[in-house]
């Protein structure tokens, strides 16, 4: 249901029910958590019996008004989130801003929305809470589905208390002489339950136990809650209990505590101005003298996290309604208003006039909102104004049909036209396969072109059948000289008598064309002359082609190893001649053609494949070479003329040089 419609319904029902004494909330729905909850997140993935664990739940609307399948909140709607049996919540209420609250009981949390939710869109929110882990079997471990019935599959690993192992030979291990602990009271989360254990090992004592207990800030002792071994201190023999406002002093006689573990408990209340304090502390100074450990003194400390430290909130977008009304010029409603639509502040809207029988659109009422505009912090109303249409002229139908001379319809009639009285009309005959036009039947119908005159008109086009020419078949077949078919015949054609035809021979593998057999058939090209025609193409087998063989040419060293790519293999007719040539190969010189293992360099293909083998050997190693440079210098070693071109000579080879004339210089010596 759209939000605006649902809102109107709820408001109307609230007015009605206010007189009957029935609350409007009876029409609210308990919503499916899986449709609205986005996230279920725990502060830890693994917890142990007795632990507390934080939980955050995020939720939101899905879609907006008018969208198919939208999931929206309205006043009185609830979302119930059941806890698994392994988890318990402290009873309390969490505010969700202006939108409602979360009512928390021990085994579930119920999100409840108020009237604000009905007037807003895109609502989303969250809450955070602390949960207590119930006791499960000691030493156990299990994966608990803790998704609050949302289908998100969130799991929590829950462990039981670890099983304490004893000492050697089955003896139990020793504990500290004493210890202290505390928990928030699950029925009244402003109360903290504290406990102290002394002589945990049940030792024989040499003297009294002396305890000085001190409360941390933000808490006060609840009078009358202290017990020792489940008795009030004034009722227990050998106990001296003295409260002092910030704690208490306690003396436990050695006779009372000898050889037994002494358990004490009491409660403190969280002060009103400390409810947002995160941690509450407590400590006890314990003095003792046991037969095993002797004299000792230590301080047992404990901290309890405030489980009232919760959080929550929600937000959304304010929505306003747009209604479109349709009125005549006197302000009378002439068509139902549109269903209200919700828009957020500042959103653009568009509207359009509608067709209303007997009326035509005039204007948009200027005293209300414009046809298209923007929502401006309030509901909007657009009023379309119409006036009655002038009376339309009478109309008549025009039908055009096509019949043979017996009156049978031979083609689809034209689409019926609706024309004003006294209006002109024109029609045209149409071509119909197999028929030719005869006339327009004005005796039984109207003229082809005319005027509508106070009644429907009907134009009847009359046709008669055309005379079809006689037809004959043309077949084309392909045979050998013995008349046996050697290829599929052409598809038979049906031709009109006296019509021309043409045919063509076709290539057939292994055969060559001989002639068209006009003695037993018809010409290749001709005219259909009162009977079926048949063209016979005659072929004969082609002469057999000569056999072929391969010629390979390879290049190897004297060990038969290939030293260059072989020539491309050639395919030659049997008895044909061939020629091959040796080729130059770097680093090798030609030796011979190996005719023992192959064929001659030049020869004739003789009934088998041929192979020519060119044999090479490596060339002798080239002599080493060195450079010869000739330069010309003065007595100071400075070049006075260009050096001769450097020569490259084989090692051990002779060389000669000559002096040259240089202007302004005379030769002295060779250095």
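Cβ coordinates are placed from backbone N, Cα and C, and glycine is handled just like the others.
Taken straight from TrEMBL:
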SIGNAL    1-28  signal peptide
DOMAIN    177-288  domain 'Collagen binding'
DOMAIN    323-387  domain 'MucBP'
DOMAIN    399-464  domain 'MucBP'
DOMAIN    475-540  domain 'MucBP'
DOMAIN    552-617  domain 'MucBP'
DOMAIN    629-670  domain 'MucBP'
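Non-local neighbours of the domain 'MucBP' (629-670) in the same chain are 623; each lies 6+ residues outside the stretch with a CB under 8 Å from one of its CB atoms. Look at the domain 'MucBP' (552-617): DSSP puts its residues at 0 helix, 34 strand, 32 coil.
Taken together, the residues in the domain 'MucBP' (475-540) have a mean pLDDT of 93 on the 0 to 100 scale.
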